[in-house]
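OK, Swiss-Prot features for this one:
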type	residues	note
TRANSMEM	24-44	transmembrane segment
TRANSMEM	71-91	transmembrane segment
TRANSMEM	93-113	transmembrane segment
TRANSMEM	134-154	transmembrane segment
TRANSMEM	168-188	transmembrane segment
TRANSMEM	204-224	transmembrane segment
TRANSMEM	298-318	transmembrane segment
TRANSMEM	339-359	transmembrane segment
TRANSMEM	381-401	transmembrane segment
TRANSMEM	413-433	transmembrane segment
TRANSMEM	461-481	transmembrane segment
TRANSMEM	492-512	transmembrane segment
Amino acid sequence: MQIEMEEKFEDWRGKEAISGKHGGIKAAFIACVVETMENMVFLACSTNFMMYFTKSMNYSTPKAATMVTNFVGTSFLLTIFGGFVADSFLTRFAAFVLFGSIELLGLIMLTLQAHITKLQPQGGKKPSTPQSTVLFTGLYAIAIGVGGVKGSLPAHGGDQIGTRNQRLISGFFNWYFFSVCLGGFLAVTLMVWIEENIGWSSSFTISTAVLASAIFVFVAGCPMYRFKRPAGSPLTRIVNVFVSAARNRNRFVTDAEVVTQNHNSTDKSIHHNKFKFLNKAKLNNKISATQVEETRTFLALLPIFGSTIIMNCCVAQMGTFSVQQGMVTNRKLSRSFEIPVASLNAIPLLCMLSSLALYELFGKRILSNSERSSSFNLKRIGYGLALTSISMAVAAIVEVKRKHEAVHNNIKISVFWLELQFVMLSLSDMLTVGGMLEFFFRESPASMRSMSTALGWCSTAMGFFLSSVLVEVVNGITGWLRDDLNESRLELFYLVLCVLNTLNLFNYIFWAKRY
């Protein structure tokens with residue numbers, strides 16, 4: 001359903017981009033390198049914040065957990081705003097530099113606070129108003145920056161290749177998601193080691209240096225990039241189409257009028273017959289067929305986006321209850337070495353990195369071009385949703401075994417029992433999020449690609465927020481979730497998520513077939 005329009009790009013001087021000189025694989029590769037560095041910083045901070053809020057800023061554990069969840073959720077939710085700015089007012093390059101700088105300033109504020117004792121509460125006291133102001137200003141400056149960076153960088157990298165070469169664009173998004181996972185792997189291994197052995201203040205300092213280096217690397221590649229000039233606010237165009245269609249709702253539109261409108265328009269989109277009521281917007285001479293097709297295409301993406309939120313709600317458990325489970329298991333590999341709880345995601349991330357590399361190196365030789373179309377990405381997302389349901393069922397079974405051994409035999413089971421659910425959830429995340437990034441980029445109008453690819457991250461945010469709501473609702477009704485896992489009914493909560501995601505899978509299949 002993609003709108004196929006002739007794309008015009010410029011170089012950094014505003015002249016027409018030259019094929020072979022501007023854009024290409026090298027320019028797209030820079031986006032992958034930068035994403036590795038930026039995501040390592042973001043996830044290292046997310047991991048570090050829990051200890052920082054409780055040990056240094058003296059917040060209670062529940063308060064700190066809520067602060068971290070809200071920070072992560074807000075960061076991903078703001079990707080839709082970052083994508084909107086990149087599509088509407090700035091080039092995607094300029095949007096990255098702007099939001100990357102905001103993220104860096106926020107990180108510098110928290111780094112200074114971590115090193116200056118006057119900016120930290122003393123003697124176990126709660127932080128003062130000025131201290132809290134510095135903390136939350138820095139924290140949400142990072143969230144705004146992360147939202148803008150993740151909302152603009154994937155589309156910028158995709159622009160360097162374009163959509164005509166389907167194999168290359170598919171390969172880019174696989175390697176881009178590989179970069180996301182690589183950054184995550186470095187965060188839960190190298191950065192966790194630094195935090196636990198050198199200190200969280202050093203972790204902040206290193207994160208600041210890495211992010212500054214990422215921005216420098218990205219800007220240094222400017223001469224080889226190609227840029228797409230923003231086409232104005234896509235949301236304004238969508239609203240105008242709806243307003244025009246509403247005003248002309250009582251007028252009759254003939255097929256001849258629709259064909260004439262499409263013929264007179266410069267739009268070269270593949271016309272489709274969904275949301276026919278929008279055709280009435282074309283009776284307004286100020287509304288072009290291109291605007292109507294943009295609106296129609298974007299609307300068709302929303303059910304796919306909405307069908308992935310429950311899956312991300314399940315993935316959110318890897319950072320909450322699954323971590324709690326890890327704390328009450330046997331994590332010792334030897335007498336002197338114990339696996340840090342924050343590093344439990346290392347093995348799943350390693351599996352994801354291996355799977356992505358093997359798929360890109362060997363899988364693409366098996367698949368034909370037709371299989372790598374939008375239908376392939378829809379199937380990929382569907383497989384991810386199905387695997388999520390299975391993983392939640394497995395998580396429930398593992399929790400039953402863990403609790404039985406702990407309560408009846410006073411034995412801590414090995415932490416590697418949990419790795420199965422971690423691996424399965426990580427693989428489902430890889431299939432779904434990776435599929436969404438490529439699907440939304442390829443299927444969206446060229447003028448809305450940043451905002452459309454941001455839908456993938458926005459789904460993650462809404463999944464995290466929904467997880468918080470579900471925990472409150474389920475616990476308020478049933479009382480299943482308590483501080484002591486051995487007295488909780490966590491396995492029943494996992495089964496609730498399994499059932500909800502399975503119902504959601506059928507909902508997704510319905511919309512995917514209609515697409």
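Glycine is treated like the rest: Cβ placed from N, Cα and C.
On a predicted model such as this, the values are computed, not experimentally measured, just so you know.
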For the transmembrane segment (204-224), what are the same-chain contacts with Cβ under 8 Å, counting residues 6+ beyond its ends?
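Long-range Cβ neighbours of the transmembrane segment (204-224): 11-12, 21-24, 26-27, 30-31, 33-34, 37-38, 40-41, 44-45, 48, 93, 96-97, 100-101, 103-104, 107-108, 110-111, 114-115, 191, 194.
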Below 8 angstroms Cβ to Cβ, which residues of this chain, lying six or more residues outside the transmembrane segment (298-318), approach it?
1, 234, 238, 274-275, 345, 378, 381, 384-385, 388, 391-392, 395, 422, 425-426, 428-429, 432, 436, 439-440, 443-445, 448, 452, 455-456, 458-460, 462-464, 466-467, 470, 494, 497, 500-501, 504, 507-508, 511-512, 514-515
Using a Cβ-Cβ cut-off of under 8 Å, list the residues of the same chain that are 6+ residues beyond the ends of the transmembrane segment (24-44) and lie near it.
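Here the qualifying positions are 75, 100, 103, 107, 142, 146, 149, 153-154, 156-158, 160-161, 168, 172, 175-176, 178-180, 182-184, 186-188, 191-192, 195, 203, 207, 210-211, 213-214, 217-218, 221, 224-226.
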Could you check whether the transmembrane segment (492-512) and the transmembrane segment (168-188) come into contact, where contact means at least 3 Cβ pairs under 8 Å with the two residues of each pair 6 or more apart in sequence?
no
At a C-beta cut-off of under 8 Å, are there same-chain residues at least 6 beyond the transmembrane segment (71-91) that contact it? List them, or none.
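Contacts of the transmembrane segment (71-91) (Cβ under 8 Å, skipping residues fewer than 6 from its ends): 42, 46, 49, 98-99, 139-140, 142-144, 146-152, 155-156, 227-235, 319, 447-455, 457-458, 460-462, 464-465, 468.
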What same-chain residues lie close to the transmembrane segment (168-188): Cβ under 8 Å, and 6 or more beyond its ends?
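Counting only partners 6 or more residues beyond its ends, the transmembrane segment (168-188) has Cβ contacts under 8 Å with 25, 28-29, 31-33, 35-44, 46-47, 154, 157-158, 161-162, 342-346, 349-350, 352-353, 356-357, 359-360, 364, 372, 430, 433-434, 437-438, 441-442.
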Other than its close neighbours in sequence, what residues sit by the transmembrane segment (134-154), given a CB gap under 8 Å and a spacing of at least six beyond its ends?
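Residues 31, 34-35, 38, 42, 45, 49, 57, 67, 71, 74-86, 92, 95-96, 98-110, 113, 119, 127, 173, 176, 437, 441, 450-451, 453-454, 457 contact the transmembrane segment (134-154) from elsewhere in the chain.
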